[in-house]
């Protein structure tokens with residue numbers, strides 16, 4: 001079943017022609033978010049059906065499945081999307097009773113990731129997730145699987161052995177491709193770790209933006225760095241970690257006014273957004289996000305405050321839970337509540353009451369409050385100073401390139417003048433060269 005880029009029911013091209021019925025069962029069902037996932041692919045939700053308990057046979061009970069068939073016929077829906085991952089047998093039963101193809105939550109999210117993957121590593125991660133999902137669901141006679149052997153390291157040598165059944169061959173091809181991708185991803189992670197270690201050793205403090213998908217992290221990154229990335233209002237718009245340098249000069253609001261908070265330069269990283277019921281097949285796609293958070297000098301947990309207090313708490317629980325399960329402590333994280341421009345006075349008051357220590361912003365208006373808060377945090381272990389080192393002691397100036405940020409430098413008659421941000425513990429080494437702090 002083609003979710004995106006295919007023909008509509010009337011034959012006209014375009015995703016907008018597709019009609020979808022959403023179904024959910026169990027206590028943790030959430031059709032609102034599932035609908036936003038569907039809309040991310042340009043599809044339209046024309047009906048919803050819920051049940052309080054999951055049925056082991058067909059996900060929905062027999063009566064609900066009959067009700068689903070009637071809803072599909074009434075709305076002219078082209079397929080059904082379930083809020084949970086289905087077993088192969090559940091999908092067959094539900095599809096048979098609904099009369100249209102059924103897609104589960106995992107397949108839907110994998111397709112979204114495939115649409116938004118931009119670099120080679122992300123595309124490999126998505127392919128690995130898709131193969132992991134498909135492996136227990138394949139049936140014999142899938143001729144398209146034979147094409148998986150081409151293009152990947154180690155995949156081109158797959159040949160069906162004497163007496164090997166087609167189903168066994170298909171599974172072997174998938175496993176070999178998965179192994180090949182896994183090796184390449186592991187090499188990429190090792191290279192990324194080496195690069196990160198070098199940058200952290202000699203570079204400025206690092207700040208990692210983490211949060212629920214569509215919390216506005218990319219908009220915040222753009223505003224802090226003065227650069228532009230896509231900020232389309234779609235879930236999982238960002239799949240790659242992106243790093244930008246934020247100047248130590250005072251940050252500006254949307255009206256160009258300085259926030260007056262000069263400080264050290266810092267590097268900020270935008271990461272993949274989290275989501276409830278994240279498919280286990282996509283854990284690899286979050287490896288870079290978790291690495292960025294684990295290695296950061298400061299974690300900024302971003303959340304969408306514009307959707308109401310209940311949704312905000314659920315999103316924060318999901319993000320904090322995911323980080324702590326990965327062994328990343330959040331007690332020292334900075335909480336940034338975004339999109340406050342969507343709240344009325346009552347909502348703003350509730351936000352201030354329940355989250356008094358949070359930074360509350362509208363990133364489309366100004367990130368100056370966040371810039372000030374970040375600088376206060378990262379400056380705790382650093383000091384910005386002007387120093388003048390005599391020419392005959394230039395070796396001391398040269399050593400600063402490995403331990404400090406050099407904002408400006410010039411040679412004078414007296415020596416080398418430098419504007420630097422350096423760790424507090426290094427201050428005694430340069431105390432006699434200080435011009436200003």
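Every residue, even glycine, has its Cβ placed from backbone N, Cα and C.
Caution: TrEMBL annotation is automatic and unverified by curators.
For residue 211 (GTP binding site), other Cβ atoms within 10 Å of its Cβ number 26. In the three-state DSSP scheme, residue 211 (GTP binding site) falls into the strand class. The annotation GTP binding site is assigned in TrEMBL to 211-218, 270-273, 338-341.
In this view, residue 218 (Mg(2+) binding site) is surrounded by 23 other Cβ atoms within 10 Å of its Cβ, with every protein chain counted. In the three-state DSSP scheme, residue 218 (Mg(2+) binding site) falls into the helix class. According to TrEMBL, the feature Mg(2+) binding site maps to 218, 238.
What TrEMBL lists as compositional bias 'Gly residues' is 148-160.
The domain 'Hflx-type G' annotation in TrEMBL covers 205-382. Looking only at the domain 'Hflx-type G' (205-382), the predicted model's pLDDT averages out at 82.
The feature region 'Disordered' is assigned by TrEMBL to 147-166.
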Legend entry - Integer Cα-Cα distance in angstrom, residue 218 (Mg(2+) binding site) to residue 272 (GTP binding site): 10
Inset, instruction - Please report the number of other Cβ atoms within 10 Å of the Cβ of residue 340 (GTP binding site). - result: 18
Inset, instruction - For residue 215 (GTP binding site), list the number of other Cβ atoms lying within 10 Å of its Cβ atom. - result: 29
